[in-house]
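Going by TrEMBL, these are the annotated features:
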type: ACT_SITE; residues: Asp356; note: active site
type: ACT_SITE; residues: Asp763; note: active site
type: BINDING; residues: Ser320, Lys326, Glu327, Asp356, Lys536; note: UDP-alpha-D-glucose binding site
type: BINDING; residues: Lys537, Asp561; note: Mn(2+) binding site
type: COMPBIAS; residues: 119-131; note: compositional bias 'Polar residues'
type: REGION; residues: 119-145; note: region 'Disordered'
type: REGION; residues: 670-690; note: region 'Disordered'
type: TRANSMEM; residues: 220-245; note: transmembrane segment
type: TRANSMEM; residues: 257-276; note: transmembrane segment
type: TRANSMEM; residues: 833-856; note: transmembrane segment
type: TRANSMEM; residues: 868-889; note: transmembrane segment
type: TRANSMEM; residues: 896-917; note: transmembrane segment
type: TRANSMEM; residues: 937-959; note: transmembrane segment
type: TRANSMEM; residues: 971-991; note: transmembrane segment
type: TRANSMEM; residues: 1003-1023; note: transmembrane segment
Amino acid sequence: IPPTPDNQPMDPSISQKVEEQYVSSSLFTGGFNSLTRAHLMDKVIDSETNHPQMAGAKGSSCAIPGCDVKVMSDERGQDLLPCECDFKICRDCFVDAVKTGGGICPGCKEPYRNTDLTDLAENNNKGQQQRPMLPPPSSGGGSKMERRLSLMKSTKSGLMRSQTGDFDHNRWLFETSGTYGYGNAFWTKDGNLGSEKDGSHGMGPQDLMSRPWRPLTRKLQIPAAVISPYRLLIFIRIVVLALFLMWRIKHQNQDAIWLWGMSVVCELWFAFSWLLDQLPKLCPINRATDLNVLKEKFETPTTSNPTGKSDLPGLDMFVSTADPEKEPPLVTSNTILSILAADYPVEKLACYVSDDGGALLTFEAMAEAASFANIWPRNPDSYFSLKRDPYKNKVKADFVKDRRRVKREYDEFKVRINGLPDSIRRRSDAYHAREEIKAMKEQRQNREDEIVEPVKIPKATWMADGTHWPGTWINSAPDHSRSDHAGIIQVMLKPPSDEPLHGDSEGFLDLTDVDIRLPLLVYVSREKRPGYDHNKKAGAMNALVRASAIMSNGPFILNLDCDHYIYNSQALREGMCFMMDRGGDRLCYVQFPQRFEGIDPSDRYANHNTVFFDVNMRALDGLMGPVYVGTGCLFRRIALYGFDPPRSKEHSPGFCSCCFRRKKKKSRVAEENRSLRMSGGGGDSDDDEEMSLSLVPKKFGNSTFLIDSIPVAEFQGRPLADHPALLDASTVAEAIAVISCWYEDKTEWGSRIGWIYGSVTEDVVTGYRMHNRGWKSVYCVTKRDAFRGTAPINLTDRLHQVLRWATGSVEIFFSRNNAFLASPRMKILQRIAYLNVGIYPFTSIFLIVYCFLPALSLFSGQFIVQTLNVTFLIYLLIISITLCLLALLEIKCAHLAAVIQGLLKVVAGIEISFTLTSKSGGDDVDDEFADLYVVKWTSLMIPPITIMMVNLIAIAVGFSRTIYSVIPQWSKLIGGVFFSFWVLAHLYPFAKGLMGRRGKTPTIVYVWSGLVAITISLLWVAVNPPAGSTQIGGSFTFP
């Protein structure tokens, strides 16, 4: 709509506030063969919302008859009232009153004293220091803000998809006549970035040169007293293994060649598998960060930045959930609260919640969490679940009083969250009944003389404002099911202002000197339609990548599962230390270890994964970096876009970073002249070509907004870069387009860009592709756990989890992502590590066979060797001792202690470290480990149960045969029983899980088990008596 006397664009500063208010109060939907619509919501949830950034926050409607538009509001959510009579009027009606009504107030009929909206906003917020805004570069045909506002005004009934934005991001970033936020990495010819007269500030080179360079991170080598014996033990064990296998091959057991052959094949595979697992562990390292240096470099006041405004780059947080029944909304809400409270510049942080199920329950739970964040943005569930009060007798009484108030508020918050399913159901039933009554009345009016049949209306799910939910309904219907619904975007918390916004003392907590701003919070549910592959979690993450690129475009992305919350509020800063340090531009991601809560004290099913997270990942950090494990990972956005790392041709792959170091060559190419290169599917020839503009839509899709955001994200990812946030209706409408089901068609999303498809373990494949292009990653282990989550403590759930991981590894091995096909940029030991990821599930085949060998030995009366001679026993002793010593050096005797404790438990029933106290019944909701004792049958239990039963029976048979034999062969019995006992000892946690809660297994089960074992052994001896035996032990004969 062109500007006319009746349609004049308002001041940019005011139009931004008005449009942000419109965006945060609208639910955007759209998708395949449907218009993109913005549904204005005056009410998001049933409870009251009072934070000025939140959707549906407090605000009045225009008092002009026939107009229901919200009154203009400031950043605190207060109404902007231009007249002293406090007549409530919206922006459009106010402009009409000034232009056509002579500036007369429609309420009191007195002239307005102030008709300038800019002055009105400043007067309403007097006393607050306003930061001058940097206007965007001018372009023909009016400013972009004017065009966006005109689009918004014309599309309140239905927003069409817009791709007509002609804003030049490159000009905005790199022009010399203007500036780009605070702390620009680009300096003008005179050495200054902007001037005081134009209201801009910058960080000049002299500010950096005046300070000595200090690293943000340090690489801590493992002490030589530990790493040297460790490598020596590995070498000794390799030599002993080789000698042992040679001896085994030469000394065959002719009496049982089949038993010897199976054992040798299994042992060869075990040696090969151990070698694959051990070689990448040769170069472990530790790393440390210095947060004080980070603050000094990016948040310390200077002459050009007197307020010390943060120069840290933007960060987009992704939280993924799919099913509110399996992933409780209360857990997801606590994760969101922990993100909103992270110690990171609030204006640089954005949180996106991906609801792949499109459930109204998740939507309203997120709205409740956004409302509660105004009271106390933490993870309250973890805090209030502490067994003891950490502040007892240490704090003032007023803190204790406030803590009790917040505890009470959180209890009410939990009641609201847990009551949402019933609330939504009752609301939907009430609206459905109203619609049926209305339809019946209309039908009777139209057909007065005819017999009226009952009207059948689909039972919809209704939102709090009395409209249909566009996502999945409780009762599935066409266009409203889990696999068939429109795309949805709702800005729960609009972008915060640049300057701090202090609270007041009007609430039950005094927030006078507290910055009450909250990060941007967006609910996203991508479109799903039949016939389009959704690609599960990987597809949802790629949809978030595209939507966030358009809405906030943070150069870094951190993804979390819905049950992993931020335990260390400074974890984001520690991860950013690696990205902002010298050489950090070659890092694709920073992986944090996974730590878990709610696991039984004995960690029966190894949920902590100590060996993997504390040994393997640290070792990989000494190579090209750890693998991506699916959560708790800080990504560089351009690395997800499929670009090659800078200076990729300067680094040769080598062997590893700590062994056989190669001297680096100095770069002759200036940093400013480097360009991003898109990785091709062919070879190095494709890497040498710059990305062709004609191929960009084929790779990323046809969204010009998304394509324009790519150079912006690359520039912001460099040190000392900032970016302004602007969120309007056309931007959100474009975000709806890029999360549609058809957007990825004929593009490289999922094949070379974003999360990679084709495997249930998309995390490993995605990290592999980045390492394959030459990127590096680091492992960030913080003193205080960065994130904490939950793990399945139930035996069946744990088995299914391991099954999913193993299935994904097999898929990787038989795909193009096999480490055998890696590019020359990947180091040899890194290839071996990825090869081990794809091969390790096959070890289970040889392991099952080897677990049956002791039983087969006892049944047949033979053994894997001819006799238990000294050479065989010495080899076994050395191999076992070196294994235990390696475990001591790797994880500080955790393995050895577990083995000893397990043996003592089985043999003598002795508890070493702790004893599980008696728990209440499984139906007790207060039992923290109730799920641990629930036995759910699955076919995955058949192999281990079979192994245990066969070995137990074989031990009984072996004892019976030896006792009844004329010439007992005790050496074969001892060998077979020892190995059977060793197998059973490793299956002890599994057997304990099958028994359920202690004391719940009936005694008769043990009695019958013993009787069955004795009966079977006697029957075996009677049917197959030992050669040359006589009737020993009485006149017992088998009839």
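Cβ coordinates come from backbone N, Cα and C, glycine included.
Predicted automatically and left uncurated, TrEMBL annotations should be read as such.
When the record's UDP-alpha-D-glucose-binding residues Ser320, Lys326, Glu327, Asp356, Lys536 are compared pairwise by CA position, the greatest distance found is 16 Å. Spatial neighbours are here defined as Cα atoms within 10 angstroms of one another, and by that definition the neighbours of Lys537 (Mn(2+) binding site) among the recorded positions Ser320, Lys326, Glu327, Asp356 are Ser320, Asp356. Using CA atoms as reference points, the recorded positions Asp356, Asp561, Asp763 were checked against Ser320 (UDP-alpha-D-glucose binding site), and the closest is Asp561. Contacts of Asp561 (Mn(2+) binding site) defined by a Cβ separation under 8 A and a same-chain sequence distance of 6+ are given as Val319, Ser320, Gly630, Thr631, Gly789, in order along the sequence.
Looking at 220-245, 257-276, 868-889, 937-959, the range that has the most CB pairs within less than 8 A of the transmembrane segment (833-856) turns out to be 257-276. Cα to Cα, Lys536 (UDP-alpha-D-glucose binding site) and Asp356 (active site) are separated by 8 Å. In sequence order, Thr321, Ala322, Asp323, Gly357, Lys537, Ala540, Cys562 are the residues of the same chain, not among Ser320, Lys326, Glu327, Asp356, Lys536, whose CB sits within 8 A of the CB centroid for the UDP-alpha-D-glucose site.
The Cβ of Asp356 (active site) has 22 neighbouring Cβ atoms from other residues within 10 Å, across all protein chains displayed.
Of the recorded positions Glu327, Asp763, Asp763 has the largest number of other Cβ atoms within 10 Å of its own Cβ. Each residue contributes its Cα atom, and for Lys326 (UDP-alpha-D-glucose binding site) and Asp356 (active site) these two points are 13 Å apart. Following the DSSP three-state reduction, the secondary structure of Asp763 (active site) is helix.
Calculated from their C-alpha atoms, the gap between Glu327 (UDP-alpha-D-glucose binding site) and Asp356 (active site) amounts to 12 Å. The highest number of surrounding Cβ atoms within 10 Å, among the binding-site residues Lys326, Lys536, Lys537, is found at Lys537. Each residue contributes its Cα atom, and for Asp356 (active site) and Asp763 (active site) those atoms are 18 Å apart. Secondary structure at Ser320 (UDP-alpha-D-glucose binding site), as computed by DSSP, is strand.
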